[in-house]
Amino acid sequence: MTTPALAYIEGGSGDEETLRDNLDAWRRLALQPRVLRDMTQVETATTLLGTAVGAPVGLAPTAMHCLVDPDGETATARAAAETGTLMVASQAANRSWQDTAAAATDVLLWAQMYVLRDRGLTRELAVRAKESGSRAIVVCVDGVAVPRRARLEGHAFVPPEGMAFPNLVSAAAAASANGRGVDLGAAVSAFDPSVTFADLTWLKECTGLPLVVKGVLHPHDAAACVDAGADAIAVSNHGGRQLDGCIATADVLGEIADAVGDRAEVYVDGGIRTGPDVVKALALGARAAFVGRPALRALADGSAAGLAAYLADLREDVRRTLAFCGCASPAEVRREHVRPRGPR
Ligand SMILES: Cc1cc2nc3c(=O)[nH]c(=O)nc-3n(C[C@H](O)[C@H](O)[C@H](O)COP(=O)(O)O)c2cc1C
Ligand SMILES: CC(C)CC(=O)C(=O)O
């Protein structure tokens, strides 16, 4: 991997305060286990918007998997299918949602997209995602300005020449140029900063698929998204890559889960690294936690097999943590299992 590619993946925005705090915030919480509850059988499986998954852990959408593996998102999909993991495939992927879904049997796929200035193209892409086999649309709503990325000296990342972005262009453009030659800067400027809650209702109607709103950090916004038709809220600050200085996801997850109640599912990403992090997220009210950078590192290190091994290991860590906490399944994790860590 090139140095700028590594800086792009690992880095955050501004002074990287939020990037660091995402990790620290999970450390500021402590699990409080319950004992003597027969932990012979401990199940990690759950459902996410009705889709059965092997563990309450998913792959967050991340752009350009060809930066880390020549097969790009199709390698990711093979690892996801092998381990029963839900994969959220980015709009800025190098492989189309269709090719990603076709990479293995039983790929559990959700497509992540932005609302574009061109609503006709937005609708076309959403329909294409559905026809590819995506079981939900994940709309990312934290892309209303261009972040300053510290490790790239404030500049946007320039992808390698000829990199394909098939989910960012119309079918006609994709057919004529195989999705190549799309300028990433132009694609990012196609994201519509005028997006509001009313667009959620519209986007959901485009496909009828369940809608997940990703990038929510305030309980009132979460409630308004649900009022507008969202089926799930993904609490996320984009891995500290958008607004630097904003709140860590672990610090706001509980309030958002309380605001949403049982009207929608709640997920979280940002700094999730271990089984205990995942179980802390469940205790605060998330149904699942998603990982970004760790999955890219595993893919870079060992391709699909490396990613599958990483996901299997994380699942085992979740299973072990559930057992130690006295929970025979994710559904048994309660708010009482987590509390602020005492002073050091
Ligand atoms: C290299 C990279 C690319 C990303 N690309 C996208 C993207 O295309 N769409 C999106 O919604 N989020 C994107 N994200 C954000 C992730 O979905 C997720 O919010 C974040 O990575 C979670 O934090 P973590 O890396 O600490 O696990 C990206 C993150 C990284 C690291
Ligand atoms: C192409 C970008 C939208 C990818 C992204 O979300 C990111 O780099 O964090």
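We number each residue from 1, going along the chain as drawn.
Every residue gets a Cβ built from N, Cα and C, even glycine.
Going by what TrEMBL states, the FMN site holds Pro61, Thr62, Ala63, Ser90, Gln112, Ser236, Asp269, Gly270, Gly271, Ile272, Arg273, Gly292, Arg293, and the candidate of Lys130, Lys214 recorded there is Lys214.
Within 10 Å of the C-beta of Arg149 (glyoxylate binding site) we count 20 further C-beta atoms, all protein chains included. Nearest by CA distance to Arg241 (glyoxylate binding site), out of the binding-site residues Pro61, Gln112, Gly270, Ile272, is Gly270. Among Pro61, Thr62, Ala63, Ser90, Gln112, Lys214, Ser236, Asp269, Gly270, Gly271, Ile272, Arg273, Gly292, Arg293, the residues given in the record as binding FMN, the maximal Cα to Cα distance rounds to 22 Å. Among the binding-site residues Ala63, Tyr114, Arg149, residues whose Cβ is positioned under 6 Å from ligand 1 are identified as Ala63. Among the binding-site residues listed (Ala63, Arg241, Ile272), Ala63, Arg241 have a CB atom closer than 6 Å to some atom of ligand 2, in sequence order.
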